[in-house]
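**Student:** The following block contains the structure, expressed as structure tokens.
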Amino acid sequence: MIGVIIAVALIILLALDLSFVAAPATIASLWLTFNLAPLSMSGADLGLLPLLPALGYALWIALRIRSVVRERISVSDVRMLVGCSLALPILLTLTALAMLWDAQPVLPVNVPSVWMSVLSTFALNALAIVFGMGKRLWRALLRFYGVPQWPVDAIRLGIAFLAAMGGIGALVVIVSLVAHWSAFTDAYSIASGAGGKIGLTLVWVAYFPNMALASASVLAGAEANFGAAQVSLFTATRAELPPVPVLAAMPGDVFPGAWLGLFIPAAVAILVYRRFLSQRSVVVSPYGTVGVAALSAGGVGMVVTSLNSGVVGVYGWSGPTPWLTGAVAAGWMFAVGVITMAVIGIRRGRSTPPQVSTSEDRGGTRETDASKDDQHKAERYDAAASRNDEKPTTQRVESENNEASGDESDADSELNVGITSDVNSESVDGKPDDQGDDADDTTSDNDSESSAGNISPDVSSQGGASDDSR
């Protein structure tokens, strides 16, 4: 990624016919841009950075982490990976700030806020790490520390809601651009020549994800502004906007019935919960799942919205309101989730008798299944005893000797398993999510997840040994 940034910086210098004296400052500014850190040049501050380069950088980080944790990885290696993945970008951000400080005497650049730069770098890279580690590795880590694994699926519920709202927001921006096509084309009047038009096109394409997320915030019930211009589902304020074509999608008036857009997040939340419940016959802690899903939607939504807002020169603070976006996202997931869980619980309670789960985690062996297993074992034992009574004395002696030798071999195998399991007691499985993860959720919620490699080897081995002894 550093090589890509250096190459882009050189292309910019050559295209603008600038001296290579500006190369260090250009490279530093590009690194801050990729990490959504604020910039300051000629006394003007730019805190609202384009999201498209940052999304590409975060995707690259997530894919690199996914390739590292693809196979079995120890807990200590996970700690080292997370620490290095956070520390190195922060060190590079501090280095970029030092390069800008060194270039101040000869170039019209200023050093932006250090703590805002570090905080933006940390937030973006932390999100990339969380997504890069994947669902399976998170479950294995929770299982290793003895924590219930159902919060992983609950967090994915909140993220799925945000992703769906972001896609709908992008669609709304496209429709609005088509509706305001004349304003979109008029913005190109400031560009001189083909080079200017290409540069302006690159700018609005880079800022398109910003508009999509702002549109999603407005649809959820929050508000967004660009300087004095403000828009929500209930009110809108006109103001002067910079000549960037994508800003033509920002309406100056609210059409009647715009408040009906509130049905969109409600419908999205219903579909997300319905898809989640359709893949499971038993949900461990349904209302706990709703609470964690609401917290994840609100927390991630607030962090992403904070990265999608900032000061834009003389226009002032611009972007969606972070705290309000997080609040409405959490509110939709909580309200719809509580109602959905209650309705589904009533329906399933009428159709099937309640099933009591005795496992502390997802599913587990139910009491009814355990009683059936004990009954079957007792029946097999009685049948074997009756057959032994019918055998001659010599055959019964030989049979008892064989069973004794078998018990000794089982004890030996149990001892060997216990010794082997101590070798990699901190190893967890970090295989990436495949396309069948959602289908796997259906069976994993009803099973005890004792497959080899998915849990700590010492725990899985001991569990297998106890089964043999029974």
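Just so you know, glycine gets a Cβ as well, placed from its N, Cα and C.
Here the structure is a predicted model, which means the values were calculated and not measured.
Pulled from TrEMBL, these are the listed features:
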COMPBIAS  359-399  compositional bias 'Basic and acidic residues'
COMPBIAS  435-448  compositional bias 'Acidic residues'
COMPBIAS  452-464  compositional bias 'Polar residues'
REGION    350-470  region 'Disordered'
TRANSMEM  48-66  transmembrane segment
TRANSMEM  78-101  transmembrane segment
TRANSMEM  113-133  transmembrane segment
TRANSMEM  154-181  transmembrane segment
TRANSMEM  187-207  transmembrane segment
TRANSMEM  214-234  transmembrane segment
TRANSMEM  254-273  transmembrane segment
TRANSMEM  285-304  transmembrane segment
TRANSMEM  324-346  transmembrane segment
**Student:** Does the transmembrane segment (324-346) reach the transmembrane segment (154-181), going by 3 or more CB pairs under 8 Å (6 or more apart in sequence)?
**Tutor:** yes
**Student:** With Cβ distances under 8 Å as the criterion, find the stretch in 78-101, 187-207, 214-234, 254-273, 285-304 that has the most pairs with the transmembrane segment (154-181).
**Tutor:** 285-304
**Student:** Taking the transmembrane segment (187-207) as the reference, which of 48-66, 113-133, 214-234 gives the largest number of Cβ pairs under 8 angstroms?
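**Tutor:** Maximum Cβ contact count belongs to 48-66.
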**Student:** Could you give the residue numbers and ranges of same-chain residues that sit at least 6 residues beyond the transmembrane segment (254-273) on either side and whose C-beta is under 8 angstroms from one of its C-beta atoms?
**Tutor:** 157, 160-161, 164-165, 168, 218-221, 231-236, 328-329, 332-333, 336-337, 340-341
**Student:** Would you mind listing the long-range same-chain contacts of the transmembrane segment (214-234), meaning Cβ under 8 Å and 6+ residues beyond its ends?
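**Tutor:** For the transmembrane segment (214-234), the sequence-distant neighbours (Cβ-Cβ under 8 Å, at least 6 residues beyond its ends) are 162, 165-166, 168-170, 172-173, 176, 240-241, 247, 249-252, 254, 258-259, 261-262, 264-265, 305, 308, 312, 315-321, 324-325, 327-329, 332.
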